[in-house]
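TrEMBL has this to say about the protein:
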type: DOMAIN; residues: 1-227; note: domain 'GH16'
type: SIGNAL; residues: 1-27; note: signal peptide
type: ACT_SITE; residues: Glu112; note: active site, nucleophile
type: ACT_SITE; residues: Glu116; note: active site, proton donor
Amino acid sequence: MGSFYMDCKMKILISIMLLWFASSALAINTKTLAFREAYSKLFGHHNIHRSANDHHVRLLLDRSSGSGFISSDMYQYGLFSASIKLPSDYTAGVVVAFYTSNGDVFEKTHDELDFEFLGNIKGKEWRVQTNIYGNGSTSRGREERYFMPFDPTKEFHRYSILWTNETIIFYIDQTPIREVRRTEAMGGDYPSKPMSLYATIWDASNWATSGGKYKVNYKYGPFTSEFRDLSLVGCRVDPIQMLPTSSNNCTAANSDLMATGLSVMTPKKRKAMQTFRENFMSYSACYDTLRYPEKLPECEIVEAEKRLFKENGHLKFRRHRRQRSSRAQIRTAVDRSLGQQWVM
């Protein structure tokens, strides 16, 4: 494969980092649900394959169509989590998405929280993008993009979106990679309406890889993404009345959500997040002063991050140059933190 995976020293370093992140991780102690308990098919029904125990779902993209499923209920805040394995080999133009949205209900004022996994040409790594839309603010998508610190096609990794009335946190394997705290200045840009959970795979040849330069090549298909350990914690809302479906007015659901501890950003969790961002983030709207001459209100400028990016929000240097220059820095951080058990 390409230099990212063939560089043995870098592979060893990343393995050390992952051990560090794992030792830092907080388990997500939430009940996983069978597909029939919480989800329904959305499109491409013939390309949705469920396991015998109904806890493992494969979504396929082929020449006929992509595929996807949706939660049976909408949720007012919640934790949305799944273990996902992505397609391998040549995946340019392929997008796998795990996200929340209410676009089917609020067509012009929808909210959305995304993990978008962007395929690549053979030998190049997958990338992942997070998006935040509130009240139809698609022109202010608040995108961030990251290189994956592992090969996501080899084994499952857990991806989680935590959404409360005060904060949004994206997790990879229980390591926080992005936090957005609600501010008064955000106004309606902060997602606040009930949303459904979606998982999809689809052809995004027109933009996903190098701005559409590389298209989906179906001779490498079908492209298969796998989902398991699907977990939903949140207050279920009636999609018509937009009111809680239970009489306790979300109190129990909120208690379950807070009990996960994932909304608490301890100093050590914040340190892990910063290490991840400094070494794997490749674009941030917070540093894109061309698109946003006036800083987005929720952005907290971190000088250690800012110096890595150009005025268009993209990295100043190619990734392999950053890998070499940051090895000593990462090793120092890992040596200081390895073996420490993080406590809530």
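Glycine too: its Cβ is placed from the backbone N, Cα and C atoms.
Curation does not apply to TrEMBL; its annotations are automatic.
The structure displayed is predicted, hence computed values, not measured ones.
Counting Cβ atoms from all protein chains shown, Glu112 (active site, nucleophile) has 20 others lying within 10 Å of its own Cβ. For Glu116 (active site, proton donor), other Cβ atoms within 10 Å of its Cβ number 19.
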